[in-house]
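A.B. asks: This is the feature table in TrEMBL:
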- 15-49: repeat 'PPR' (REPEAT)
- 85-119: repeat 'PPR' (REPEAT)
- 122-156: repeat 'PPR' (REPEAT)
- 157-191: repeat 'PPR' (REPEAT)
- 192-226: repeat 'PPR' (REPEAT)
- 227-261: repeat 'PPR' (REPEAT)
- 297-331: repeat 'PPR' (REPEAT)
- 332-366: repeat 'PPR' (REPEAT)
- 367-401: repeat 'PPR' (REPEAT)
- 402-436: repeat 'PPR' (REPEAT)
- 542-576: repeat 'PPR' (REPEAT)
Amino acid sequence: MNIMDDMLRAAIPPSRSTYNNLINACGSSGNWKEALNVCKKMTDNGVGPDLVTHNIMLTAFKSGTQYSKALSYFELIKGTHIRPDTTTHNIIIHCLVKLKQYDKAVDIFNSMKEKKSECHPDVVTFTSMIHLYSVCGHIENCEAAFNMMLAEGLKPNIVSYNALLGAYAARGMENEALQVFNEIKQNGFRPDVVSYTSLLNAYGRSRKPQKAREIFKMIKRNNLKPNIVSYNALIDAYGSNGLLEDAIEILREMEQDKIHPNVVSICTLLAACGRCGQKVKIDTVLSAAEMRGIKLNTVAYNSAIGSYINVGEYDKAIDLYNSMRKKKIKSDSVTYTVLISGCCKMSKFGEALSFMEEMMHLKLPMSKEVYSSIICAYSKQGQIIEAESTFNLMKSLGCSPDVVTYTAMLDAYNAAEKWEKLYALFEEMEENDVKLDTIACAALMRAFNKGGQPGRVLSLAQSMREKDIPLSDTIFFEMVSACGLLHDWKTAVDMIKYMEPSLPVISSGCLNLFLNSLGKSGKIEIMLKLFFKMLASGAEVNFNTYSILLKNLLSSGNWRKYLEVLQWMEDAGIHPSNEMYRDISFSQKNCGVENAAVIKERLESLKRNAGDQSSASQPCESHVCS
């Protein structure tokens, strides 16, 4: 700027190159406003800008994170006789990615690939596209963009390799990340700190924190200095795998290496605290941030609020939210999503609705998770009309409900016993090709049974098996109930083979219901067969289980097996009740003299054994009665 003033005082007219150099100087120093002023003076002084000027100006906006201004400036360029080149488009693609306008960025990329295009993609273009697809989670497209670059005869640089390596790392694909890392060396490049940090991240996300630590050590061994991102990645590697103490130790290690933790370090630790269920540690991390003068931003507050909610500390989460407002830290959609979903998980439905009202007042966009939570809140409070209204509003705003949202609405209709509306909603799900999951199927089955359509439960169960949708405890419970309502014992018997692999994790309530259904239908042998499978699998067998067996054996007149089951109870350390003994005693009258004598003898033997086992620790029955 001083030299420019000297030129003007010496009456030396600045050329276009002079102005371009000055604009570049302003932009490179982060002063995009001054760069824009110089650009305007250039035009006012009759020296028109050229493509180089425009690209320098776009770069200034990009460096100053003024992405929207860059797009507006680009529209002005298109209105002139100057045609943008590949560099221009590369800058615009970068800005569009930063603004999350991914579709527009892809459109520009596709237009550059056309044969008639004057601006063909270069290495920078393909690298930007790899980054774009990585951000969107489209790993196949990352690979395709990289391979397309090679097919075009372009040689990837270290930034290109790092972009692909980072894409694999973000998804914990450590084998693929390692392969790219090795390719970097094979192709004559020296991996930089970004390469090592990405590989470290890959191992952290694939639940291999010790491997991540090895890569961290390699950074130093190769005469590179770990940066703040490297340390944060290592904190995440330990924290996301439940090794909270190790993660906190990395924070101290950073400071010993004279690298000051930043708000990302704190966010990473807070998220780890929430996952590990460490209430005290959340307070410690927040105190550590305060001591180090690290001011929490919106993301950090969201992490802390979410962590408190994950460990059931609702009051502390609300205190943090109030502190956030007091310090005028802007709440965003994530803040309210965390609060609303957390309130619903803790059955604080009134509070969830209050936060929704605040969210709507601030005109913040609501995610599907929020809509699902609000529908659930209205449902639990019996406000079915409000739940319907929220569901319809969501659709009218172009936010397509997913299976979670539909399930919330199914539960709402279930609670209100609005069967016809529920069936219509199920048909809508099928029309919209919404893929059912186990929870949605359980909600539907519950409704079918309660609504008097048990046949549809078994049809849906068959469909679940065909689509490989996992069968849960609730699913089995509803299937057993449906078989009982239909008296379809053939299907009930067939169910045993589907249940067998899951017997150890199926609730005793579901299994007892199944045993009772089989017994009531007269399928005594099958009932006992299922019972033996339960024993063999280690499934829970309790007093109620034996009670069901005995009741059905008594009804069928099978007194011999009844006595055996009483003995099994004793052997399992579960003492039969007096009523169980009394029931078999009454049956002696109908068994004939010979059988009655056998029953009496066996019964007395059982009672003696029971008395011997309990006398050391329990008072005798006569003492209790007296």
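Just so it is clear, glycine is given a Cβ too, placed from its N, Cα and C backbone atoms.
Neighbours and distances for these, please.
C.D. replies: Sequence-distant contacts of the repeat 'PPR' (15-49), counting only residues of its own chain at least 6 positions beyond either end whose CB sits under 8 Å from a CB of the stretch, comprise 1, 4, 7, 56-57, 59-61, 63-64, 66, 69, 82.
For the repeat 'PPR' (85-119), the predicted model reports an average pLDDT of 90.
Proximity of distant same-chain residues to the repeat 'PPR' (122-156), defined by a Cβ-Cβ separation under 8 Å and at least 6 residues beyond the stretch ends, is recorded for 86-87, 89-90, 93-94, 97, 102, 105-106, 109, 112, 163-164, 166-168, 170-171, 173, 187.
Outside the repeat 'PPR' (157-191), and at least 6 residues removed from its termini, the chain residues within Cβ reach (under 8 Å) are 123, 126-127, 130-131, 133-134, 137, 139, 142-143, 146, 149, 198-199, 201-208, 211, 222.
Note on the repeat 'PPR' (192-226): residues 158, 161-162, 165-166, 168-174, 177-178, 181, 184, 233-234, 236-238, 240-241, 243, 246, 257, 259 of its chain, located 6 or more positions outside it, place their CB under 8 angstroms from a CB of the stretch.
Note on the repeat 'PPR' (227-261): DSSP counts are 25 helix, 0 strand, 10 coil.
Note: the repeat 'PPR' (297-331) comprises 26 helix, 0 strand, 9 coil (DSSP; helix = H, G, I, strand = E, B).
The helix, strand and coil residue counts that DSSP assigns across the repeat 'PPR' (332-366) are 26 helix, 0 strand, 9 coil.
When the repeat 'PPR' (367-401) is classified with DSSP, helix, strand and coil residues number 26 helix, 0 strand, 9 coil.
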A.B. asks: Per DSSP, what is the residue count of the repeat 'PPR' (15-49) in each of helix, strand and coil?
C.D. replies: 26 helix, 0 strand, 9 coil
A.B. asks: Could you pull out which residues elsewhere in the chain have a CB under 8 Å from any CB of the repeat 'PPR' (402-436), counting only those six or more residues past its ends?
C.D. replies: 368-369, 371-373, 375-376, 378-380, 382, 384, 387-388, 391, 394, 443-444, 446-447, 450-452, 464, 467, 469
